[in-house]
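S.K.: Here it is: the structure, laid out below.
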Amino acid sequence: MALPKVRQVRARVVRGAGADYHDQDRGHWIDDHIATPMSKYPEYRDSRRSFGLNVLGTLVVEVEADDGTVGFGVTTAGEPGAFIVERHLARFVEGAVPSDVERIWDQMFHASLFYGRKGLVLNAISAVDLALWDLLGKLRDEPVYALLGGQVRDELTFYATGARPDLAKDMGFIGGKMPLQHGPAEGERGLAAGVARLAEMRERVGDDFWLMYDAWMSLDLDYAVRLTHAAHEHGLKWIEEALPPDDYWGYAELRRAVPPGMLVTTGEHEATRWGFRMLLEMGCADILQPDVNWCGGITELIKISALADAHGALVVPHGSSVYSYHFVSTRHNSPFAEFLMMHPQASEVVPMFTPLLLDEPVPVGGRLRLPERPGFGVRLNPECRLERPYTHEETT
Ligand SMILES: C[C@H](O)[C@H](O)[C@@H](O)[C@@H](O)C(=O)O
Ligand SMILES: [Mg+2]
C-alpha cells in the first residue's frame with residue numbers, strides 16, 4: 001500500500017522543561033552548583049541557567065501526511081531551531097514519502113553543511129527525523145522499535161541520573177550518576193569535596209550499586225586523572241564527559257590514565273557518524289552516549305550504533321525518553337539505558353519530558369516494558385501552549 005506523502009511541516013516552540021529539560025525553576029538539583037566549562041567565572045558558577053543553559057527552549061516538529069496523520073519529534077532548539085526547520089529543512093520533507101528517511105536526512109545534512117555539522121542544526125535535523133519515524137510508525141501501525149528490526153530484550157534496565165543515588169537504589173535502579181559539582185576552578189578543596197560526596201554515597205548504597213560522576217565537559221586532563229585516582233577506592237564506575245567534546249586527544253589520554261577497570265564515557269554533545277568515528281578510532285571512550293534528539297535522530301543513530309558495535313563499544317544513549325528507549329530495546333550493544341530524574345529533589349520518578357508529553361512511560365523498579373503503541377507512543381500535552389514563530393509558505 002502506497003504511503004501518503006508529507007503535506008506540511010510545522011515547527012513549534014514552548015518554554016519550561018519539556019525537551020529542554022534544563023529549563024527548570026530555581027532549586028532544582030539539575031541547576032545546583034554543577035561544574036561546567038563556565039565555572040572558571042565565579043559569577044556563573046552556581047547556576048547553569050545563569051550562563052544560559054536554558055536559553056533555547058523546546059522545539060516540537062510536526063510532519064503531517066496527506067491523510068491527516070501527524071508524527072512529531074522534539075529537541076532542544078527553540079526559536080532558532082524553528083527558523084532552521086521552517087525556512088530551510090521543510091523543503092526536503094514536504095512532498096516526500098515519509099519512509100524516505102535516508103534521502104531526507106542526507107539532503108537536510110548536506111544542504112546545511114555550510115553552517116551546521118553539529119549542535120543546533122543537528123538538533124533540528126534530529127527533531128525532523130524523529131517526527132518522520134513517529135509518522136511512519138503511525139502510518140504502519142507499528143511501534144518504532146518494530147520498524148528498527150524488533151526488540152532484543154522485552155524489558156529495559158535503567159540507571160538513574162540525579163542528586164540522590166541512594167534514593168535511586170531504593171527505587172530499583174542499577175546505578176546512580178551524580179553531577180560533579182566542583183571543577184579545577186575550585187582547587188583541591190573542590191576535588192576533595194567531590195571525593196567525600198562519593199564516599200558518603202558509597203557508604204549509603206553499599207558495594208554492589210553503580211556510582212558514576214558526570215563532569216559535563218568541565219575538567220582538564222590533569223584534574224580528571226587526579227580525580228579518578230582519588231575516587232577509585234570508592235568504586236567510581238565511570239567518569240562521564242570529563243573534557244570538552246572536541247578534545248579527542250585528551251579523552252584518549254584520560255582513557256589510558258584512569259585506574260584499571262574504571263570506564264571513560266562521553267558523546268551526548270557529539271553528533272553524526274563522523275563525530276563518533278573520531279571518538280572510536282582515537283580510543284576516547286568505553287561507552288558512547290549519543291543523544292538521539294541531538295546527534296542526528298534515529299536515522300543517524302543506527303549508523304553510529306553499528307560503527308560502535310564493530311569496535312566493541314557500548315552505546316548507552318544520553319537520556320531522551322521514548323526516543324532513546326525504542327532504540328535501546330533493539331540493540332545488542334545497548335544493554336541498559338539512562339533515566340534522568342526530573343523531580344526537583346530527585347526523590348521520585350516523573351516523566352523525563354514532563355509536562356510536554358502524554359502517555360510518556362517511566363521505569364518502575366528501575367525497569368520498563370515499552371507499551372506496544374504506534375510510533376514512539378506518546379502524545380503532545382494540549383495544555384502546553386506551543387507557538388509557531390515562523391512559517392515557510394512565503395519562502396517557497
Ligand atoms: C546531569 C548532567 O549535568 C546533565 O544535566 C545531564 O543532562 C547529562 O549530562 C546526563 O548525562 O544526563
Ligand atoms: Mg552526561
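Yeah, the Cβs are placed from backbone N, Cα and C, and that goes for glycine too.
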S.K.: If TrEMBL gives Asp214, Glu268 as binding Mg(2+), which of Glu188, Glu233, Glu240, Glu253 does it give for that site as well?
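M.R.: Answer, per TrEMBL (Mg(2+) site with Asp214, Glu268), from Glu188, Glu233, Glu240, Glu253: Glu240.
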S.K.: Of the candidates His22, His28, His311, His326, which does TrEMBL annotate as part of the substrate site that also includes Arg48, Glu338?
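M.R.: Given Arg48, Glu338 bind substrate in TrEMBL, the matching entry from His22, His28, His311, His326 is His22.
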S.K.: With DSSP as the reference, give the number of residues of the domain 'Mandelate racemase/muconate lactonizing enzyme C-terminal' (160-261) in helix, strand and coil.
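M.R.: Helix, strand, coil within the domain 'Mandelate racemase/muconate lactonizing enzyme C-terminal' (160-261): 52 helix, 17 strand, 33 coil.
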S.K.: Do any of the recorded positions Arg48, Asp291, His318 touch ligand 1, in the sense that the CB is under 6 Å from one of its atoms?
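M.R.: His318, in sequence order.
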S.K.: Between Asp214 (Mg(2+) binding site) and His318 (active site, proton acceptor), what C-alpha distance do you get in Å?
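M.R.: Here the two Cα atoms are 11 Å apart.
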S.K.: Given the recorded positions His22, Arg48, His318, which one's Cβ is surrounded by the fewest other Cβ atoms within 10 Å?
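M.R.: Each of the recorded positions His22, Arg48, His318 was scored by Cβ atoms within 10 Å; lowest is His22.
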